[in-house]
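**Q** The structure under discussion is supplied below as structure tokens; questions concerning it will follow.
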Amino acid sequence: MNSEINQRFLARGSQKDKGLAVFTSGGDSQGMNAAVRACVRMAIYLGCKVYFIREGYQGMVDGGDCIQEANWASVSSIIHRGGTIIGSARCQDFRERQGRLKAANNLIQRGITNLVVIGGDGSLTGANLFRQEWSSLLDELVKNKTITTEQQEKFNVLHIVGLVGSIDNDFCGTDMTIGTDTALHRIIEAIDAISSTAYSHQRTFIMEVMGRHCGYLALVGGLACEADFIFIPEMPPKVDWPDRLCSQLAQERSAGQRLNIVIVAEGAMDREGHPITAEDVKKVIDERLKHDARITVLGHVQRGGNPSAFDRILACRMGAEATLALMEATKDSVPVVISLDGNQAVRVPLMECVERTQAVAKAMAEKRWADAVKLRGRSFERNLETYKMLTRLKPPKENFDADGKGIEGYRLAVMHIGAPACGMNAAVRSFVRNAIYRGDVVYGINDGVEGLIAGNVRELGWSDVSGWVGQGGAYLGTKRTLPEGKFKEIAARLKEFKIQGLLIIGGFESYHAAGQIADQRDNYPQFCIPIVVIPSTISNNVPGTEFSLGCDTGLNEITEICDRIRQSAQGTKRRVFVIETMGGYCGYLATLAGLAGGADAAYIYEEKFSIKDLQQDVYHMASKMAEGVSRGLILRNEKASENYSTDFIYRLYSEEGKGLFTCRMNILGHMQQGGSPTPFDRNMGTKMAAKCVDWLAAQIKANIDANGVVNCKSPDTATLLGIVSRQYRFSPLVDLIAETNFDQRIPKKQWWLRLRPLLRILAKHDSAYEEEGMYITVEEECDTDAVA
């Protein structure tokens, strides 16, 4: 089924007769508060009566003060907090019919027939059972004279929508569950911190991470920190695993590596079903290798801390979509889970997802390991393949001849053009190792176009890129210089090094440069090689992709800074902060940071604003302050307007807010480029580069003659690899020209603009802002392949 994005008109107050409740159940995860906030505020916008059910199903059974009406202020200043403000508990009573009968009565007395369930597969299964029994529960309540027949008729259908909150990412049907990205942040922060002490003392660290039945955290954490060995439930090693582990670690030490990291998921076991614990691994290393091995059990640290920007935005989108799904539900509607498919919020039948999730557990219990990995989805499968390849010490012998030359080896080059961005080094490492694994030779071009012309080119070996994944910046060096006017010198260098395929990693400049080189193919035969671009810039302003490498790290930096800036006004007086973000003419950072930071407004170039809009926002801020809100946050993209500068907006708010609030201005600058790349950027760089190696090899193979001369003339041999909707896509550069605004260096169409109405709905106080209605995009269910 092809996906369709339907625009629907949602009028303010259009659902006045409906009652909706939101609750969190099971284990907590970071981002749940953002989901609760989005559900509540979207429901208030639509005119519903909204309730919190505190302490999960237990609160539903107990009733009384556990079910409280929520208002706009109930969910203020919670988006940045971990855990769940409404509490979560495991509930034995709800498992019994008598408990569910009490819960049904408590809901009916308050007119609640719409439930948003935020939890894991157990919580969602319980909610579905409750929905199926609803009619018989009501019959019993009427029979007991607990409710009237009028109430039974009025509330005869219960609608439920699920949101999956779980740090394990163990739910089939969604690419990411709420909390997983933040848990990965905690794991990577811990490993990055431990690496320095391990390096100092030549230690082996064994890190135990959560994941009793799912190895996602261990697997992706291992990819993001270059772990030497991982143990996960879906890929149990053979009983001789101690031999393989020791052989791998010993080889790495002899190759000069000072630190080793082994990650163990808490549910790890061998093929016979015997558990493998961190203690077992330490014992093996101590006895056989005599290494100084230490154990770190992360435990509940992974559940804690502030949610990442990704989890906040995911929860905002899912929470709003859950409310809309409930409002549109009919008595015949199948209950759905709001899932993430690639970069799209979709609705997926709840029980299909639950059954598939349970099928994974069944496959593992029956020792059908390959089936278990397959059921986890393509994303998990590819992560596993990538991990296995990248952690080999040496490329496989069968890909090389007796002289050590690659049997089907080509000569590839990689370079950066543009500003540095986090994730570039991870992409280079992956590109180098994937290519060498195949038998290719890889050249690293230092300092972009200028370095190429100067001959600053060297062959990169397998161990040259060790330890690159977790490092920010660009180790190869990068400059913004474009090739225009220097084609002759560039062609001469490509000829000198016999380059047969080129990868360019960088921002808008890399896309522009690749296009310029491809345009000169008729004049310079050396340019008739396959060329591919990986977009890498915090601005996220490159056409042909929805995310560029580095923008997640930039977004997290801004979100974290906004949290700190806002906290600086805690306990003092009413204050508004005006913050300027980077991004050139692209408003991605300002908009998404606004959504993740709970900003009141975000001014960007793509959405024109007038003095009237600014005035309206000042009045809105004043009315919020008058009703007890103590802090306001305004974001402005650096090139949002030539005349309405950050200073102008700051002065306007300062003048108009006299007597009500004070105003402060912050220009964030280069700290937004980030320190250490986020797990998202590390893994995106790793996967994208792996795909580029396969693509370059396929293009060279199809266009090479007997003498080894590559002749690529067709437009589809110069491409940009991007994430588009649900999958990775290689887009010919010539096709992207029509989609590009070269003057402002931005794409003409940008997916995130459809999130701006959501930003305004979640920021506007009911009494402060009256509008007839608002267009917001409702994204429908889709069953195509997810981004893998």
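FYI, residue positions are counted from 1 along the chain as it appears here.
For all residues, glycine too, the Cβ spot is worked out from N, Cα and C.
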**Q** If Swiss-Prot says S166, I167, D168, R203, M210, G211, R212, R294, H300, V301, Q302, R303 bind substrate, which of E133, E252, E266 does it name for the same site?
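**A** When Swiss-Prot describes the substrate site, the candidate it includes is E266.
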**Q** Given that Swiss-Prot lists R90, C91, G120, D121, G122, S123 as binding ATP, which residue among G19, G27, G31 does it place in the same site?
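**A** Same ATP site in Swiss-Prot: G27.
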**Q** With Cβ-Cβ distance below 8 Å and at least 6 positions apart along the chain, what are the contacts of D121 (ATP binding site)? List them in sequence order.
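**A** Sequence-distant Cβ neighbours: V164, D170, F171, C353, V354, T357, Q358.
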**Q** Work through the binding-site residues one by one (S166, S539, Q673) and point out the residue whose CB has the fewest other CB atoms within 10 angstroms.
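**A** The binding-site residues S166, S539, Q673 were compared, and Q673 has the fewest Cβ atoms within 10 Å.
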**Q** Could you pull the average pLDDT for the region 'Interdomain linker' (393-410)?
**A** 65
**Q** In whole Å, how far is R480 (beta-D-fructose 2,6-bisphosphate binding site) from C91 (ATP binding site) when you measure between their Cα atoms?
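**A** Between the alpha carbons of C91 (ATP binding site) and R480 (beta-D-fructose 2,6-bisphosphate binding site) there are 59 Å.
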**Q** If you draw a 10 Å sphere on the Cβ of S123 (ATP binding site), how many other Cβ atoms land inside?
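**A** Result for S123 (ATP binding site): 27 other Cβ atoms within 10 Å.
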**Q** Around C91 (ATP binding site), how many other C-beta atoms are within 10 angstroms of its C-beta?
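**A** Looking across every protein chain shown, the total is 22.
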**Q** Please report how many Å separate the Cα atom of S123 (ATP binding site) from that of S166 (substrate binding site), as a whole number.
**A** 11
**Q** Sequence gap of 6 or more, Cβ distance under 8 Å: name the residues on the same chain that satisfy this around R575 (beta-D-fructose 2,6-bisphosphate binding site), in order along the sequence.
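**A** Spatial neighbours, sequence-distant, of R575 (beta-D-fructose 2,6-bisphosphate binding site): A569, S630, R631, G632, F661, T662, C663, R664.
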